[in-house]
């Protein structure tokens, strides 16, 4: 059995690991969205150059028919620029949702950590109340330096040793119990991490929050975006599409790629070509 002090250290270690799991991938996700916004900005600059050329051509043109054609080109360029602006707004909204979701996860971990602390404090208080007063008065002066030295040694131990250290009362528990406690702790931590990645059920869900993926659920955990501009879903959970990490190059969702892993569905490909031709 672990002492209250070591129990608090274990809960602290678990909290730090949960915290790192929640935020360690956040910079990469945000960087991907920022890169998409830069690509949109580059396309927008190209459209501005086209508009300048069309405007100069419109001023020089004297034929009415040619002027109408140039004016039509200007209108299409303006529509494309508006579409790019809408895409940027959508990306920013996704970034805000991503940060809010990770913030809720961190808040949930904080609540769990505080709950463990409250339980530990209550258990420690009951144990102190039940101690015999005569035993506390019978502690000799020679025992006190040993207790202080033990505390200093525990503070100097690394995170793994901190979870296995025992105080003077726990030495009689034996090596098998220490191994059992360590194995049980690892199993509980792995189970909790798997549950967090599998479902966001333990987090408060906003009823107005948009849904994504094939499962039609809110954004949580690791997600990947489909590189098909015509994709109706756009974002997918890693677990729902069988991914463990982000693949290199372009990635298309099961609905868009059809039977092939590297090509999009023929209907969507045709729609994309028609849209490019109309532009």
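Cβ coordinates are placed from backbone N, Cα and C, and glycine is handled just like the others.
According to Swiss-Prot, the feature Zn(2+) 2 binding site maps to 226, 231, 253, 256. Summarising the annotation, Swiss-Prot assigns compositional bias 'Basic and acidic residues' to 154-171. Look at Swiss-Prot and you will find 135 tagged as SUMO2 cross-link, backed by similarity to another entry. Per Swiss-Prot, region 'Disordered' is recorded for 115-206. If you look up Swiss-Prot, you'll see 212, 223, 227, 235 marked as site 'Histone H3K4me3 binding', on the strength of similarity to another entry. What Swiss-Prot records for 210-259 is zinc finger, and it gives sequence analysis as the kind of evidence.
On the backbone, the CA of residue 223 (site 'Histone H3K4me3 binding') and the CA of residue 253 (Zn(2+) 2 binding site) stand 12 Å apart. Counting only the Cα atoms, the space from residue 231 (Zn(2+) 2 binding site) to residue 212 (site 'Histone H3K4me3 binding') is about 12 angstrom. Each residue in the zinc finger (210-259) gets a DSSP state, and the totals come to 7 helix, 10 strand, 33 coil.
The Cβ of residue 212 (site 'Histone H3K4me3 binding') has 21 neighbouring Cβ atoms from other residues within 10 Å, across all protein chains displayed. The Cβ of residue 227 (site 'Histone H3K4me3 binding') lies under 8 Å from the Cβ of 250, 251, 252, each of these being in the same chain and 6 or more residues away along the sequence. Counting in whole angstrom, residue 256 (Zn(2+) 2 binding site) lies 15 from residue 212 (site 'Histone H3K4me3 binding') by their C-alpha atoms. A gap of 11 Å separates the Cα atoms of residue 212 (site 'Histone H3K4me3 binding') and residue 226 (Zn(2+) 2 binding site). Same-chain residues at least 6 positions away in sequence with a Cβ under 8 Å from that of residue 235 (site 'Histone H3K4me3 binding') are, in sequence order, 94, 212, 213, 219, 223, 224, 225, 226. Other Cβ atoms within 10 Å of the Cβ of residue 231 (Zn(2+) 2 binding site), summed over all protein chains shown, number 18.
Summarising the environment of residue 256 (Zn(2+) 2 binding site), the number of other Cβ atoms within 10 Å of its Cβ, over all protein chains shown, is 21. Long-range C-beta contacts of residue 253 (Zn(2+) 2 binding site), restricted to its own chain and to partners at least six residues apart, with a cutoff below 8 Å, comprise 214, 226, 228, 231, 233, 236, 241.
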